[in-house]
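Chemist: Next up is a structure, given as structure tokens.
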Amino acid sequence: MSAPAAERESLGVFSPRRARLTARTLRTDRWWLSPLLTVVGLAAFVVYATVRSFVRSAYYVADYHYLTPFYSPCLSESCVPGSSHFGTPFPELPMWIPLAFLSLPFLLGFRLTCYYYRKAYYRSVWLSPPACAVAEPHTKYTGETRLPLIIQNSHRYFFYVAVIISVINTYDAIVAFHGKGGGFGFGLGNVILVVNVLLLWIYTVSCHSCRHVTGGRLKHFSKHPVRYWIWTRVSRLNTRHMQFAWITLGTLMLTDFYIMLVASDTISDLRFVG
Ligand code: FES
């Protein structure tokens, strides 16, 4: 809710200590381009992922055991035969519940509370502020100290679940080395699944919470050489966390799209073995 006009005069960029400018910004470059591209990219992923998660078609290739990450783990009797790598402990689900209902909320929570994505959508969606030296429309700043933004502090817990889901995705990628007539097989779908899962791991371990888990709260690195070694590796990846955040959005969509094309018989998988 915006503050009353009189109060607004003394808040945020209108406070007495700030320079009195009538223009919202004096920047003359295209400062709006980056937030615009960000919001378009995020919206494209959200629309694609939402549609694909609910359609319940072309998500599993029975011949090669390819399962798209958007349906993993598939744990209900609504899943097509073979796609439930961990059994079907849940009964048939109504159409409004995605088949990966157990993992999707956590993956969503992991991405939403990610430090990089926060920066991205705070700037692009809430314009808070949209760019350096561009006044934001809000007059009050409460940070992440109250609902709903206080939930951002739960990121570390989403990180632990994301690790478990990455293990599940790894298992899915391994069981996909399956030939048409049984036994070992290997095709382009395997390359895509393995690259996707490797990048998901890199995104996950480059997380700021992972940095803290591996090297946080230590008084003396010299007394914990193994944790220190891991922390330095994680820190190196962490510098590219933003890139991995975007790359994995792309590889997730690409992996799902390829499996959708093969599962719907639109194209055939390029097979190297089996
Ligand atoms: Fe981005 Fe943890 S900070 S996933």
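Glycine is no exception: its Cβ is also placed from the backbone N, Cα and C atoms.
Pasting the feature list from TrEMBL:
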{"type": "TRANSMEM", "residues": "31-51", "note": "transmembrane segment"}
{"type": "TRANSMEM", "residues": "95-117", "note": "transmembrane segment"}
{"type": "TRANSMEM", "residues": "157-177", "note": "transmembrane segment"}
{"type": "TRANSMEM", "residues": "183-203", "note": "transmembrane segment"}
{"type": "TRANSMEM", "residues": "244-263", "note": "transmembrane segment"}
Chemist: What same-chain residues lie close to the transmembrane segment (31-51): Cβ under 8 Å, and 6 or more beyond its ends?
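Modeler: Counting only partners 6 or more residues beyond its ends, the transmembrane segment (31-51) has Cβ contacts under 8 Å with 25, 70, 117, 120-121, 123-125, 127, 130-134, 246, 249, 252-253.
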Chemist: Considering only Cβ pairs under 8 Å, which range in 95-117, 157-177, 183-203 makes the most contacts with the transmembrane segment (244-263)?
Modeler: 183-203
Chemist: Mind checking which residues of the chain, 6+ beyond the ends of the transmembrane segment (183-203), have their Cβ under 8 Å from one of its Cβ atoms?
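Modeler: Residues 61, 64, 66, 69, 166, 169-170, 172-173, 176-177, 237, 241, 244-245, 247-248, 251-252, 254-255, 258-259, 262, 269-274.
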Chemist: Give the nonlocal contacts of the transmembrane segment (157-177) in its own chain as ranges (CB under 8 Å, at least six residues past its ends).
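Modeler: Those are 64-67, 69, 72-73, 85-86, 103, 106-107, 109-110, 113, 184-186, 189-190, 193-194, 196-197, 200-201, 204, 207, 209-210, 213, in sequence order.
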